[in-house]
Amino acid sequence: MRNITNFLKTFLLWELLKGLKVTGKHFFTRKVTVQYPDEKTPISNRFRGLHALRRYENGEERCIACKLCEVVCPALAITINSTEREDGTRRTSSYEMDLFKCIFCGYCEESCPVDSIVETNILEYHFEERGENIMTKAKLLAIGDKYEAQIAADRLQDKDFR
């Protein structure tokens, strides 16, 4: 009897029919695919996208050249050179970040004592020429200046979790 049952299951392609049943069940349900360039899903305010350097309200850059972000970066993507100013404080003379090395872990953002380096919600960017993947201090400050309102709003909304 067992041999007959196994023969019928094999002959009728029982496993194939079970698979087709699952396919038929889901065939008429609502699709979950998002047509990406035309439709976009909401992005969390904790999203870790392109980096930016922030400034204080008076226009002075926040980075104090403590180099904590450079030390904590597991991918060694950040390089900082600093100079001392006349008043005895340090500031960065160059701040470079290689986005091909960066793994967007967020350690640089967490380690920064003055909230200078942040990761923005920007996820759509590309490079057309060699070397554009190296984000300089000027590029990072420009991104920070452009998106400061959004960065500040995201930080305010997320302050209880920091």
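Any Cβ shown, glycine's included, is placed from N, Cα and C.
Not measured: the values here are computed from a predicted model.
For 54-83, the entry in Swiss-Prot reads domain '4Fe-4S ferredoxin-type 1'. Counted with DSSP, the domain '4Fe-4S ferredoxin-type 1' (54-83) comes out as 5 helix, 8 strand, 17 coil.
Marked as [4Fe-4S] cluster 1 binding site by Swiss-Prot: Cys63, Cys66, Cys69, Cys112. Non-local neighbourhood of Cys66 ([4Fe-4S] cluster 1 binding site): Arg90, Pro113, each in the same chain, at least six residues away, with C-beta under 8 Å from its C-beta.
According to Swiss-Prot, the [4Fe-4S] cluster 2 binding site annotation covers Cys73, Cys102, Cys105, Cys108. According to DSSP, Cys102 ([4Fe-4S] cluster 2 binding site) sits in a coil region rather than a helix or strand.
Residues annotated as domain '4Fe-4S ferredoxin-type 2' in Swiss-Prot: 93-122. Taken as a whole, the domain '4Fe-4S ferredoxin-type 2' (93-122) shows an average pLDDT of 95 in this prediction.
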Binding-site residues listed as Cys63, Cys105, Cys108, Cys112, least Cβ neighbours within 10 Å: Cys105
Residue among binding-site residues Cys73, Cys102, Cys105 with Cα closest to the Cα of Cys112 ([4Fe-4S] cluster 1 binding site): Cys73
Neighbourhood of Cys69 ([4Fe-4S] cluster 1 binding site), C-beta criterion under 8 angstroms, separation at least six: Ile78, Ile80, Tyr107, Cys108, Glu109, Ser111, Cys112, Ile117
